[in-house]
Structures are given as structure tokens and as C-alpha cells.
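Participant: Quick one: the structure is below, questions incoming.
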Amino acid sequence: MSNNVTACDSSLPSGADISGTLDGFFYGYAVSTVLFGITVVQTWMYINNNNDKWPFRLLVAAMVLGDFATTCLDTQSVHHYVISNFGDLDVITTITTPMAIEYLLTLIIVFCIQIFFAVRVWRLGSFHWTVYASIVLTAVGSLAAGLSAAGQLVTDNSLLGLAAVNSQFEVGWECGLSAVSDLITTTALCWSFSRVQTGIKRTDTLLQKFFQYTVTRGVLVTLDQTLFLVFFLTKTEKLWWLPFHLCSSKIYVNTMVAMLNSRSSLRANFDNKNGIITDSDLPGYSSTHSAIRTHQLVDSIPERSITINESGSRGAINKFKIAIPSRKGRDDDTFSDSYIEMGNRKPEGIIVTREVLPPQDI
């Protein structure tokens, strides 16, 4: 009896190690998928808590759906490399069409979110027009360089083609300009929040939270673009840059939706005790003899009044008016509490004034 053994052809040489090529792709896909799961949770929270108008909601929906599409394209590419064509070195060293489309979608997502934050900076009204122009121009320049790089992928889809001078030049400009745009946006927003002091502890705490969220978002997106650029220019063939690219759209979408969701939690803290402000929230007041009576905040257009009696019986009453100018036809702004200054009127935002009323019974 003889056993016939049929040898299977394989395009992968015996002992070949492809981990150096696929490691970056595998770990980048794993991390980006986890980030997309976080985006799903953030989106669910946004759906249940937002009061934005439909154009604004459609923007968020488009960004999340675009991020979902990039995840699907990445999944198809993983299947293509490690399942359908496992061991085929010729396939491993080429860039698939889904990967090229994913790259294009990521460019669009990043650009749209950068413009979204540029509009937020513009609506603050605190800066010279050159600041807005710088944010927009760097974002447009990044998109243009990225589109040119995407065109290179169509004409030359080999991995070695990414190491060409033209490709590195285009990707370098894309990541560099994108990082500059995010840096300008973060600096402008942080400067706006840091310079505003109301003297009301609860409001100042809210602004500090916005400041922290803005810094965190700026650090994440700028660091992602910077590391993508560094590893792409130094280790192009190793694909160590790929995790940062695959996570890019997730980080941008996640941070945007997270900042939008922060509005409801911050407002809930601000309106603690059903929106009552006591003397402990105001400057120069002691909690001693805390027989304090307050009137609940009552929504009125365009102002709210809070009356505080220090003595608890008869005496001077300090009345604070918080006027919140509304801008008809505009969405609920992410940073609606941006301009808050004691006794000063600003073009938009919250105006806080104080008047002392004659002694009377509460």
C-alpha cells in the first residue's frame, strides 16, 4: 500500500515572515474597531440627549455613517489580505481599492470636522478674520494634498509606491497642514475659555470643563496626525504609520460627538438643585447664617432673574440677572456660554448684572 501525498502550491516561501508587514495593519484595525465601538456609544447618547436642529443632526449622522463605512472597508481589506489571499506576497504588497476608498473617506471626515470647529471659533467673534482664514486654508490645503495622494494610489497601488518622493511629499503636506489647523483651532478655543471669568463658581467650573475637553481633543487629534506623519516618512514599508491612519477618523468623530454630549451633563451640573443659585456660588458671599431664600430660575425671554436674600428676614436683596441673548434660526451652540463677564455686555453669550433692591420681606 502506498500513500499518495499531494503537495499544495503556495506563493509564500517556506520560512517567510510577513509579520513585519501586517503587524501595523492588524493592531491598527483592532484599536480602530474599539474606537468605533466608543463612537457608537457616544452617538446613542447624542440621539437621546440632543436638542439640535435637523441640519446639525444630519452633520453628526453623516460623520458617524462615514466612520462606519471606513470600518466596513477596513474589515473587507483584512479579509482580503489574511483570508482570501493569505500567503500571497504579491497581494500583500499592493493596496486594495477598498483601502484607497477608506483613505478618501477619512480625508472628507477630517476636513468636515475641522470646518465644523472653525465655524465654532468664528461664532465666538473674538478673533481677527485671519484666525478663521488660517484654520480654513490649512484644512483646505490638507484636503487638497490628501486628494492628490489618493490619486497616486489609483495610478500606482504598490506599497513601494508610497515610499516615492511624490507620495511622501503629498502625505507630508496633508498631515502637517491638518495638524496646524487643529492646533490653531485648539489654541483659539482655549484662549476664549481661559479669558472669561464670571466670578460665579458654577459658571466658571463649566467653562473650565469646556477648556479641559478642548485641550484633550486638540492633543489627541494633533498627536495622531503628527505620529502618522513621522512614521510614514521614516517607516513607510513597515506600515507602522497605518494604525494612526486607521484611528484618525475615529478620533475626530469621537471627540466631536463627545464634546457635543458634554453639553447636557454640564448643563445638568449647572442647573443643579433645579437651577437655584445660592450665595456659595457667588463672589464675596459667606455661607454663615445660611438662612437664604432664593427664587428658582424662571425661563423668560431673553433673561432669567435670581433673587438672593443674605439676612433671611429683612434687609437688602441682591438681584442678579442673567440675560441669554438668543439668535433666531441658529442651532444650539456647543459653546453657548462662551462670553460671560460680570456687568459687561458682549455681542453674544451671557450677560450678568447685579442690582441691590430696597429692604423688604421675601
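Cβ from N, Cα, C; glycine included.
TrEMBL: automatically predicted annotations, no manual curation.
Keep in mind it's a predicted model, so treat the numbers as computed, not measured.
These came from TrEMBL, pasted as-is:
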- 178-265: domain 'DUF6534' (DOMAIN)
- 26-47: transmembrane segment (TRANSMEM)
- 103-122: transmembrane segment (TRANSMEM)
- 129-151: transmembrane segment (TRANSMEM)
Participant: For the transmembrane segment (129-151), give me same-chain residues lying six or more residues beyond its boundaries with a C-beta closer than 8 angstroms to one of its C-beta atoms, as numbers and ranges.
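Facilitator: Cβ under 8 Å, 6 or more out: 100, 103-104, 107-108, 110-111, 114-115, 117-118, 121-122, 167, 170-171, 173-178, 180-181, 184-185, 188.
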Participant: Within the domain 'DUF6534' (178-265), how many residues are helix, strand or coil going by DSSP?
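Facilitator: Split by secondary structure, the domain 'DUF6534' (178-265) comes out as 75 helix, 0 strand, 13 coil.
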